[in-house]
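Single-structure report; data block below.
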Amino acid sequence: MPEHFSIRGAKGRTLSGKIAVCGAKNAALKGVAASILFRTPLTLTNVPEIEDVSRMLEILRTMGAQITFGEHQATIDARGLSETTLTPDIAKRLRASIVLTGPILARHGFVRFPHPGGCVIGERPIDLFIEGYKKMGAQVKQSGKFYDIRAQRGGLRGAELFFRLQSVTGTETFMMAAVLAKGRTVIKNAAMEPEIKWLADLLNASGAHISGAGTPTITIEGGDPLDAQGKSFRVIPDRIEAGSFLILGALAAKRLLIDEMVPEHIESLIEILSATGVKIVRGERSLSVSAPKRWQTLRSVSVRTHEYPGLATDLQAPLTVFMTQALGESLVFETIFEGRLSYIESLNRMGANIAMMDPHRVLVKGPTPLSGKQLESPDLRAGLAFVIAAVTAEGTSVIHNIYNIDRGYERIEERLRAIGVDIVRAN
Ligand code: EPU
């Protein structure tokens, strides 16, 4: 029997205590992929023990890498990795596996992969990847379901790449490919997420020559395979987890301390919540938040998702839950993905008043009391948003399909129980 979460509403400002944020999924996954560029084993610490990380490690293991993983530390020795095909099975298991194509192509001169399958949050095309590889001198052939990308004799060549759209995995993939390419690569309109800067720092500390990561222009001078020089690399805190806890606290905590995080990474969320009337106290590596005594004092604001440092699309669903409890109308505009509002119907069943304007925009009218319901987690971010909605609601909610939540959040029910959430995992 698949597991589910059963959550009883918190009945006001009842949560309290401290919750520590885990390492970032979307940094750890790229760190694992980076190991392919190394001529030494690579050790990562503060690695979240979540399904997506296990799957990424398993993919590398099946492709020939030696791996140890436990107590939030992963050591990946990819020297023996010889496989150059990502099977549909692999690509389906984890969309982030697309980032493997860069390091594999750079190291072996060839990679074969299927078009990543459809995804619940939108189309997620790969045109930027195909165009980028061509610019680096590779030949792209499509045969059946697969793309065959072959570098020129002598390997990938540095190139000038301008991304029409700022793509997170695109930026990371080409930054890694360029590390082993011949000559200079410049990525313009690069994504600027903190995970990208972290990845560049890790690569630079191991012998890569990358400048500008964290800005829209990244320059990479190609060179030799990397050497970790016995160092280990600590994964940065998960800003999406931190932001989701902040929203939870703003709705249901007497006082909640969110610890081991980087406030600067969720500055845009802090500004938005502050504008609604939430009181947030900033520490150096923590935030403390309380729900207002009466929810009705929260004021709606309209928001739009944006590339970093704007509001992360991964925080859109939790923030929409928040807006159901604020007074007034909030227009939520999802600008990054077109399929990321499918959870709205479930919130309306819980009592929210949300009108779908078009595939990218919803109008939330609040405040509306929510009541516990049976829910299906559509993706990991909306899954955690349902957990927040269930805590806010009157009565009990049951959330199914929690594999989706486990993909991105470590032992979430244990950690939430410790701050007072009435949540159990059951079959
Ligand atoms: N895009 C294209 N062509 C491409 C690549 C992207 O049109 O070749 C479009 C996308 O369809 C989207 C936009 O560009 O409209 C930006 O997408 P991006 O490539 O930045 O998304 P991603 O790299 O596939 C990562 C995270 C997502 C996060 C987004 C946006 C990973 C593994 N995934 O996805 O995280 O939502 O950036 O910040 O890093 C999650 O963790 O739950 C998650 C979905």
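From the backbone N, Cα and C atoms, a Cβ is placed for every residue, glycine too.
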Site co-member for UDP-N-acetyl-alpha-D-glucosamine according to TrEMBL, given Arg95, Arg124, Pro125, Ile126, Asp127, Leu128, Ile336, out of Asp201, Asp314, Asp358, Asp406: Asp314
C-alpha spacing of Lys25 (phosphoenolpyruvate binding site) relative to Asp127 (UDP-N-acetyl-alpha-D-glucosamine binding site), in angstrom: 24
Rounded Cα-Cα span from Asn26 (phosphoenolpyruvate binding site) to Ile336 (UDP-N-acetyl-alpha-D-glucosamine binding site), Å: 17
